[in-house]
Each structure stands twice: as C-alpha cells, then as structure tokens.
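*Asks:* Just passing along the structure, written as structure tokens.
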C-alpha cells in the first residue's frame, strides 16, 4: 500500500467518525426547533430520533458481513447517493413519516461509514499504534461535536430553518466521496489475496462480554447525558447559546483529552487506566449533576477530558482479546455501543417525560458506574497482556 493511499484511507476514517458525531450530537440542539416545526412536545419528538440510532445500529451489525460481499468503495459511493436523498427529504417535506425515514437513512449511511472507518484503522495499524490511531480517529467524533452545535446555534439564532444544519453535515460526506476517487481499499472475502494464510478461529472469551456491556452503558450514558444537558441548562435559566456552549465545551475538552491520551496511553496498561478513567468520569458527572450553574462549566470540561479515552480504549482492548484482530469482534463491540445509541431517547425520553431532564442525567451517571464495574472485572479475565507479550517477541 502506497503512503498516499494510506493517508487517504486514514482521512476517510477520520471523516467517518466526524459524520457520525455530527449527526448524533447535534440532535440535542435542534430537537426543540424540530418539535415546534411538527407541533409536537419535545419528549415525543425525541422518540423519532430513535430511527437515526436504529439505522446506525442495523448498518453496523450487518456490515460485519456486508464488507465481505460489497466492496468498501462501492458502499461509500452508494452512501453518498443515500445522503443526498435523505437531506433532500428533510428539506422538502413536512411529513413526520418522511422525516423519520430520512433519519433512518442518515443512520444507515453513518453506521456503514463508521464501521468501514474503524475497520480501516484496525487493518492498517497494529499494536499500540492501533490504539493511538483509533483514539485520534475518535477525536474527530468529538471535534464534530464541538463544531456542529456551534453551527446549529449560529443558524437557529438567525431564524434559519433547522434542516440547513443537516445540509452542513452532508458536506462531511462530500469530502468522503471525493476521497474515494483514486483510492484503493483493502479487499475482503472472496476478493482477498489468495496468498493469505487461513486464520485460525479463536474463542472470544468472557472479557469481550464485559467490554460489550461497558460499550453499551458508556454510549447510552454519554449520549443520554449530553442530549439533555441543553434542556437541563435552559431549565436553570441559561440561554440557548449558553446551553450550546456547555455542549461545545464538553466536546472540545473531549477532543483535547483524546489527543493527550493518544500519547499518555502508551505508558500504561490499558485495562488499569481504563478502570481509573471510568471511575473518575462517574465522579465528575455526579459533580455536574448535583452542582450549581457556577460550577457546571468547569465540571463538564473535566468530565470531557477524563472520559475521552474510555470508548476507544474499550474497542482497542476488544481487538486485543484475540491474537489476530477480528472485524466481527470489533463490529460486535461497536454494535453494542450502537445499541446504547439507539436506546438513548427510548430510555431518556420516557424518564424526562415523567421526571424531568435531571433524572435523565442521574440515570446516565448510574450507567457510568456500571462501566467502572465492568472495567474492574475485566482486569481478572482480559487476554490483552498475553497477546501483547506474544506480539512483542
């Protein structure tokens, strides 16, 4: 593989995470405006975003097998066509059914693209370099989470319709589409090089179960938290801009944390530092949820920084539970995380409807505590140390 080709594939991976981050995180900013657009209460409107999350979940789950049937480049180019159709559907229709369909299509495109992006990184990089590359790739998720709420706040404050936010997000996929030209992708399945030796099948082990539960609870907790921070902040008397700033600050700190931890993680055992970070994140979220508005800005910055490496480290540890990284194993952990994404508004929408936004934030806090327990238990069964020892000889 040429260096320029590797760079293009790496940038496709970066942008695939930015696309998913933008679609998922901007929801909290535009939800109120979309609810007004369709004359629905916010708690009811939040349920329609389950179609976005369901699309992500289904596509990531199926793509573990589709990647071996449909070439990666073909998937990405077809995804561009679907993205154009979905954004056009949002812009030119006032039907709630079509809105839900467009959201589902956006989810499918996002899930396919992100699973391809994750696979490319695990395929091109090995060992500790894989972990730091995955962490840097995931930083584009939070970079989009920092940039697009600011774009949304800018557009909405000027009474520009909410669907233009999704048109802006579509530009990320335009860049991915352009990068596919003149770029060679790894061949899988029947198109894979015949010289490759057959890979011996390995049992995944109970560590994968702990990591999968941790991935689900972490994503459900994180998105359940950040999706309702704007409503919670507005309930405390903050303006829409100030609420948007809280979300942007979280993702800015998250992004900086990823860059920092992509260097720091090289010096620590991944399972041990993951347990410490999960415990710290649970404590900091509790401080935010029970603190005063004066301290919210600082606690959300600290939470963003110290929780930034958790999800990517879970994926990296998952890929290290077998001697040879398995696309199906990585996709399984990703799928569990995406189940958390899909359940976000199913779980939190009901909680907010009955008990208000703070109850959703406290539920997210409980889920972070579960992540800590799973990471602690992983220490007794993880295989990453023996596999790292084998690869270092």
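Each Cβ is built from the backbone N, Cα and C atoms, and glycine gets one as well.
Pasting the relevant annotations from Swiss-Prot:
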- 1-10: topological domain 'Cytoplasmic' (TOPO_DOM)
- 11-31: transmembrane segment (TRANSMEM)
- 32-50: topological domain 'Periplasmic' (TOPO_DOM)
- 51-71: transmembrane segment (TRANSMEM)
- 72-77: topological domain 'Cytoplasmic' (TOPO_DOM)
- 78-98: transmembrane segment (TRANSMEM)
- 101-121: transmembrane segment (TRANSMEM)
- 122-133: topological domain 'Cytoplasmic' (TOPO_DOM)
- 134-154: transmembrane segment (TRANSMEM)
- 155-161: topological domain 'Periplasmic' (TOPO_DOM)
- 162-182: transmembrane segment (TRANSMEM)
- 183-205: topological domain 'Cytoplasmic' (TOPO_DOM)
- 206-226: transmembrane segment (TRANSMEM)
- 227-244: topological domain 'Periplasmic' (TOPO_DOM)
- 245-265: transmembrane segment (TRANSMEM)
- 266-272: topological domain 'Cytoplasmic' (TOPO_DOM)
- 273-293: transmembrane segment (TRANSMEM)
- 297-317: transmembrane segment (TRANSMEM)
- 318-331: topological domain 'Cytoplasmic' (TOPO_DOM)
- 332-352: transmembrane segment (TRANSMEM)
- 353-360: topological domain 'Periplasmic' (TOPO_DOM)
- 361-381: transmembrane segment (TRANSMEM)
- 382-393: topological domain 'Cytoplasmic' (TOPO_DOM)
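Describe the structural context of these features.
*Replies:* Same-chain residues lying 6 or more positions outside the topological domain 'Cytoplasmic' (1-10) and placing a CB less than 8 Å from one of its CB atoms are 120-121, 124, 133, 137, 179, 182-185.
If one looks beyond the transmembrane segment (11-31) by at least 6 residues along the same chain, the residues whose Cβ comes under 8 Å of a Cβ in the stretch are 42, 45-46, 49, 52-53, 56, 76, 106-107, 109-111, 113-114, 116-118, 120-121, 136-138, 140-145, 147-149, 152-153, 156, 162, 165, 169, 172-173, 175-176, 179-180, 183, 223, 226-231, 244, 247, 251, 341.
Within the chain carrying the topological domain 'Periplasmic' (32-50), a Cβ under 8 angstroms from the stretch's Cβ atoms is held by residues 94, 96, 99-100, 103, 156, 161-162, 227, 231, 342, 344-346, 348-349, 352-353, all 6 or more beyond its ends.
For the transmembrane segment (51-71), same-chain residues at least 6 beyond its ends with a Cβ under 8 Å from one of its own Cβ atoms are 20, 23-24, 27, 100-101, 103-112, 114-116, 119, 185, 187-191, 327-328, 331-332, 334-335, 338-339, 341-345.
Counting same-chain residues at least six beyond the ends of the topological domain 'Cytoplasmic' (72-77), those with a Cβ under 8 angstroms from any Cβ of the stretch are 12, 63, 66, 112-113, 116, 119-120, 176-177, 180, 183, 185-186, 188.
Here the transmembrane segment (101-121) has Cβ contacts under 8 Å with residues 9-10, 12-17, 19-20, 23-24, 48-49, 51-60, 63-64, 66-67, 72, 75-76, 79, 82-83, 85-87, 89-90, 93, 130, 133-134, 137, 166, 173, 176, 185-186, 315, 327, 330-331, 334, 338 of the same chain, all six or more residues outside its ends.
Helix, strand and coil residue tallies for the topological domain 'Cytoplasmic' (122-133), in that order: 10 helix, 0 strand, 2 coil [DSSP].
Residues of the same chain lying 6 or more positions beyond the ends of the transmembrane segment (134-154) and with a Cβ under 8 Å from any Cβ of it are 10, 13-15, 17-22, 25-26, 28-30, 117-118, 121-122, 162, 165, 168-169, 172, 226, 240-241, 244, 247-248, 250-252, 254-255, 258-259, 261-262, 265, 304, 308-309, 311-313, 315-316.
Long-range contacts of the topological domain 'Periplasmic' (155-161) within the same chain: residues 29-30, 33, 37, 168, 240-241, each at least 6 residues beyond the stretch ends and with a Cβ under 8 Å from a Cβ of the stretch.
Remote same-chain partners of the transmembrane segment (162-182), defined as residues 6 or more beyond its termini with a Cβ less than 8 Å from a stretch Cβ, comprise 8, 11-12, 15-16, 18-19, 22-23, 26, 29-30, 33-34, 37, 73, 76-77, 79-80, 83-84, 87, 90-91, 106, 109, 113, 144, 148, 151-152, 155-156.
Within the chain carrying the transmembrane segment (206-226), a Cβ under 8 angstroms from the stretch's Cβ atoms is held by residues 24-25, 28, 145, 247, 250, 278, 285, 307, 310-311, 314-315, 317-318, 321, 329, 332-334, 336-341, 343-344, 347-348, 360-361, 363-368, 370-371, 374-375, 377-378, 381-383, all 6 or more beyond its ends.
For the topological domain 'Periplasmic' (227-244), the list of distant contacts is 27-29, 31-32, 42, 46, 149-150, 152-153, 156-157, 250, 293, 296, 300, 344-345, 348, 352, 356-358, 360-361: same-chain residues at least six beyond its ends, Cβ to Cβ under 8 Å.
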*Asks:* Per DSSP, what is the residue tally for the topological domain 'Periplasmic' (353-360) in helix, strand and coil?
*Replies:* 7 helix, 0 strand, 1 coil
*Asks:* State, in range form, which of 78-98, 273-293, 297-317 has the highest count of Cβ pairs under 8 Å to the transmembrane segment (245-265).
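*Replies:* Selected stretch: 297-317, with the most Cβ pairs under 8 Å.
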